[in-house]
Amino acid sequence: MLYANKVGPFQNPTETYQYYNLPFCQPTDGKEYKTEFLGEVLEGDRLVTTPYKLQFRTDVENAVLCKRTLTAGDLKKFRDAVKQDYYFQMFYDDLPVWGFIGKVEKIVQQGTHKYFLFTHFHFDLSYNDDRIIEINVSSDPMRTVDITTADTLDVQFSYSVKWKQSSVTFDHRMDRYARYSFLPQHLEIHWFSIINSCVTVLLLTGFLATILLRVLKNDFMKYTRDDEMAEEQEETGWKYLHADVFRFPPQSNLFSAMLGVGAQILAMAMCIFALALVGVFYPYNRGGLLSACVVLYALTAGISGYVGGLHYKMFGGTNWVSNVLLCTVMYCGPVLVVFSFLNTVAIFYRSTAALPFGTIVIIILLWALITFPLTVLGGIAAKNSKVEFNAPCRTTKFPRDVPPLPWYRTTVPQMLMAGFLPFSAIYIELYYIFASIWGHKVYTIYSILFIVFIILIIVTAFITVALTYFQLAVEDHRWWWRSFLCGGSTGLFVYGYCFYYYYARSDMSGFMQTSFFFGYNAVVCYAFFLMLGAVGFRASLLFVRHIYRAIKCE
């Protein structure tokens, strides 16, 4: 059975509509929708039966699909679709196939356009034994009708089918989509660009690490010499802050919740990479990635409750209920706001991107029955744990005043410096990811993506540690929030790249596509911010505890 999925403007991948929103030929016995899984519905898939008869190994020559009298309204729909370069997507035996609805011809002498509707489609299919291997569709440029100015039009739609034998096995029938997405020469350039970027970033990171280690070594030698001389000398630098550096951050409840959600997203990302590397997300595994994200987020909710509750308890917090609730809504809350707005826009446009009521109920039940209870259980486990924050230095009752700092030592400039280096490590890969999510390419090289992700984590941890040291060296002890914000600032750079990609690298347009692009990317970049912020803070905490333990400030 050949199923039609959706139609929409080729340049706006998210702006998709149901196939029969356009007046195509319908099955004589009525259209029937195929049952979809959660991820397929989230992707906007709405598979419906078509009148095409593609029987296995049965060639068809010029079969009449239907004869229709297109009214003025029907012609206007087709005309607008052709003008916006609409394409359609169909599936046959879970193999995707695409085609265009019509074509536009420009009349140079008159400065006008003519719009033609394709009325005949030819299907080329390949088989191996009793399995279907490949499907392609093409239109006949000689069988078109001019719909530029007509008010009514009698049209006959037809199709033909040609079968041929293939040597490709059924297990490798999806390989062609990966080859079309990344041709060999593009793949070599891709690998070379990633290796070049990684080597550059690692060399720069190693250079900064060498400087930092030498500076630390000099500091330790100086402080050791001062201790041995046992002279009353005024302390300077980061040793001067030993009584303030472990003073807990303000808004510790919010800070703990952000750490917990960041740890959860990091765990979820690692699980997704593990599934990708074992081949779960093969090309056009419809909705597989989205389903995995939803399910893994629900199953890892206990991590956010436990990590958030653990830090909250170490910070001396007692209102653990508010901490659990904050962990629950820290990410789901903004996502709900963005989704509500975008779903309303999709409903207004009558797009397949609008989720049905039943799917929304399923997601709410997942949150209520899995995500929220696991978060509560994680919070209870943290509350009952016996972990304590053993600071190597005592903290005084009143904090020292922070000396006046130059503007480039303040939070925002430090965040910009912290986010630039990790962003430079993933900049090249971002294009391929965006071309896959917001284009028509298929991303299949998860090994490269995993390498880049690991480098991103390492570089983020190091640059945050380096900036934390420089902050303490100028006697600014407010490093807790700063380390989180500097670590997560890469997410802001990624969101800035969204603007560049939208206006300089894509042809997307329209309110709906713009809303979806910047709305969903904001949700993803927020997840980046929380995840990398947690990484930056944990690295800085380990570093600070190590250096103050080394000088035996007790």
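Placement of Cβ uses the backbone N, Cα and C atoms for every residue, glycine included.
Just so you know, TrEMBL annotations never went through curation; they're auto-generated.
The transmembrane segment annotation in TrEMBL covers 191-216, 257-282, 288-312, 324-349, 355-377, 415-438, 444-467, 479-503, 515-537.
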Chain residues outside the transmembrane segment (324-349) and at least six past its termini with a C-beta under 8 angstroms from it: 15, 17, 253-254, 257-258, 260-261, 265, 301, 304-305, 308-309, 355, 367, 371-372, 375-376, 378-379, 511-512, 515-516, 519-520, 522-523, 526-527, 530
Positions whose Cβ lies under 8 angstroms from the transmembrane segment (444-467), at least six residues beyond its ends: 178, 181-182, 187, 190-191, 194, 198, 201-202, 205, 208-209, 212, 269, 273, 276-277, 281-283, 414, 417-418, 421-422, 425-426, 429, 432-433, 482-483, 486-487, 490, 532, 535-540, 543
Ranked first among 257-282, 415-438, 479-503, 515-537 for CB pairs under 8 angstroms with the transmembrane segment (288-312): 257-282
Other parts of the chain folded back onto the transmembrane segment (415-438), taken as Cβ under 8 Å at six or more residues beyond its ends: 13-14, 181, 190, 193-194, 197-198, 200-201, 204-205, 445, 448-449, 452, 455-456, 459-460, 463-464, 467, 485-487, 489-494, 497-498, 501, 505-506, 508, 517, 532, 536
